[in-house]
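See structure below.
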Amino acid sequence: MADQLSEEQISEFKEAFSLFDKDGDGTITTKELGTVMRSLGQNPTEAELQDMINEVDADGNGTIDFPEFLTMMARKMRDTDSEEEIKEAFKVFDKDGNGYISAAELRHVMTNLGEKLTDNEVDEMIREADIDGDGQINYEEFVKMMLSK
């Protein structure tokens, strides 16, 4: 399944993996998964975190290594994000709930994820998704961006 991913996708997933793998040991633990989920405004229980790990933990060692992570991401991409997941993700970014993601909101979430972006990088991300050119991302633009990945 992971062999259907492009090199670019694999390198993006490697970057995402290292955001989760806080101590850089090559595996994601329930603790690390919890940290990232909480930084995204989610509040999973220990049991939910364990379930998430168990779903992709092919060798049953209780952690996720990069090949397992790739399999999970490939599976997720195949099940293309449901409308509900996209709505939830939009809410995470749209901090003030006004229906738009501003550059400041985007920067805030990315910083919480451990991604230190320059103003130019944030502006570039907004520009790429901002179809109507108003300088922010509305829900329709967000959906298009999520489905075009």
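Heads up, the Cβ atoms here are built off N, Cα and C, so glycines get one too.
Annotated Ca(2+) 1 binding site per Swiss-Prot: Asp21, Asp23, Asp25, Thr27, Glu32, in sequence order. Sequence-distant contacts of Thr27 (Ca(2+) 1 binding site), defined by Cβ-Cβ distance under 8 angstroms and a gap of at least six in the same chain, are Asp21, Thr63, Ile64, Asp65.
Per Swiss-Prot, Ca(2+) 2 binding site is recorded for Asp57, Asp59, Asn61, Thr63, Glu68. Around Glu68 (Ca(2+) 2 binding site), the same-chain residues six or more apart in sequence whose CB sits under 8 Å from its CB are Val56, Asp57, Ala58, Asp59, listed in sequence order.
Look at Swiss-Prot and you will find Asp94, Asp96, Asn98, Tyr100, Glu105 tagged as Ca(2+) 3 binding site, backed by sequence analysis. When Cβ atoms from all protein chains are considered, those within 10 Å of Tyr100 (Ca(2+) 3 binding site) total 19, not counting its own. In the three-state DSSP scheme, Tyr100 (Ca(2+) 3 binding site) is classed as strand.
Annotation source Swiss-Prot lists Ca(2+) 4 binding site at Asp130, Asp132, Asp134, Gln136, Glu141, citing sequence analysis. For Gln136 (Ca(2+) 4 binding site), the number of other Cβ atoms no farther than 10 Å from its own Cβ, over all displayed protein chains, is 19.
If you look up Swiss-Prot, you'll see 44-79 marked as domain 'EF-hand 2', on the strength of sequence analysis. If you look at the domain 'EF-hand 2' (44-79), the same-chain residues 6 or more away from its ends with a CB under 8 A from one of its CBs are 1-2, 4-5, 9-10, 13-14, 16-17, 20, 26-30, 33-34, 37-38, 149.
With a threshold of 8 Å between CB atoms, the same-chain residues lying at least 6 positions outside the domain 'EF-hand 4' (117-149) that come near it are 77, 80-81, 86, 89-90, 93, 99-103, 106-107, 110-111. If you look up Swiss-Prot, you'll see 117-149 marked as domain 'EF-hand 4', on the strength of sequence analysis.
Positions annotated as N-acetylalanine by Swiss-Prot, on the basis of experimental evidence: Ala2.
Taking the C-alpha atom of Asn98 (Ca(2+) 3 binding site) as reference, the shortest distance to any of the binding-site residues Asp23, Asp25, Asn61, Asp132 belongs to Asp132. Classification of Glu141 (Ca(2+) 4 binding site) by DSSP places it within a helix. Of all the binding-site residues in the record (Asp25, Asp132, Asp134, Gln136, Glu141), the one with the smallest CA separation from Asp94 (Ca(2+) 3 binding site) is Gln136. For Asp21 (Ca(2+) 1 binding site), other Cβ atoms within 10 Å of its Cβ number 21.
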